[in-house]
Ligand code: TYD
Ligand code: MG
């Protein structure tokens, strides 16, 4: 019988090797290889398999009728927004997130709502006993929902149990790392086990038409633990994020075969479980530090929904040879780019300063449109010039220092007007936007130089006694801003 020699498997990415080595060549992780028996992945002997004849099956046309409603909404608006309008029959979702972020809470609430709507819903916990799941449900006031519970870890037993009776509409497996299957020898939690268990559950979902949600653990750098292949096997991957100290939780689709990946669902963790936040801007702007330098409000878009969020910058003289650049909630290479453009085209010298940058509320911003708001916050902090409290900023900055237009101007302006903002600082080409100005006064900016000059003109030097400074001094840019010609 052919011997499979590949028996050392990277627990981070799933790459297999035939001998142990300290570093995984595929993902560069150190000390992540563990010996696993990958020979027993299938129980059918090779000789028997090769003799098996192929079975013929029917080919279908694209115009055929599918018998059932393809999607069923969970009843939680924010969850349905991220899945793309509800759970698709026969689909498998993977939800990842840090321990204690609220994955079990979210799924307890979602399953209870679906059970109350009359669907058969099963919650299988491999981590908690039935009594613990019940306790959580009663704390959430959901004990009366007819969710079927079990504390099980054997995939074969789960599939056998669920194959009986009416097909469940939704099955939650909390978590995939605790599941194990007889078909492979490795210990639960290893890559081979996780992969084989996921495979068996996915096969069951496709065959029966039930939706399965797999809960996945997350490694310290935020990746969903176990083999990346599980991410490729499932139909959708969601990550549940939030700063531990803050109450906001954000559900984000990383991959979605049946919906968009740019929508976010926003929740607030309360004593009574997760509360849906249908207007996130109000939440992110709720505790604003009005009138202090270094903060700018960015009018962003998350999918189809505009979200206003405060960007905070602190620029402080450094005592280190290499100044610090620390970013939370934004791309650090994007920050370096904005700093380089400020330095090269606007004469803003930042090499002697530490720069700290934060997005309030634990939101992560991926849009290039945040560049201008970030630049405004940075310059405002550097020259101690508070920005107008009723202004929002958006626009992409190019390497030449020009401010480029961004999409969905009118949706951003409407949201800003709704929240009581009076003006917007935006790219020049946005003025002709057919959506109108939503009642805001528009300050269009063609290049970053003019934004810097505007903010610097508002600047107040922190060390100087303001009462002694003349108006002329107040209106000149601090000496740090040496305008370069050309
Ligand atoms: P949990 O859903 O168990 O997290 P996960 O499954 O992602 O590990 O949530 C655990 C945290 O949520 C815990 O720190 C307590 C908090 N929590 C509340 O604040 N309110 C609640 O109503 C519930 C059920 C949990
Ligand atoms: Mg849990």
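Cβ coordinates come from backbone N, Cα and C, glycine included.
TrEMBL entries are annotated by machine, without manual review.
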Exercise. From 245-249, 250-254, 255-259, 260-264, which range did TrEMBL mark with motif 'RadA KNRFG motif'?
Worked result: 255-259
Seminar exercise, completed: Close to ligand 2, in the sense of Cβ under 6 Å, among 100, 101, 104 as binding-site residues, are 104
Seminar exercise, completed: Reading the DSSP string in three states, the entry for residue 98 (ATP binding site) is coil
Exercise. Could you give the number of helix, strand and coil residues in the motif 'RadA KNRFG motif' (255-259) as assigned by DSSP?
Worked result: 0 helix, 2 strand, 3 coil
Exercise. Relative to the Cβ position of residue 101 (ATP binding site), how many further Cβ atoms are located within 10 Å?
Worked result: 20
Exercise. So among the binding-site residues 97, 98, 102, who's got the most Cβ atoms within 10 Å?
Worked result: 97
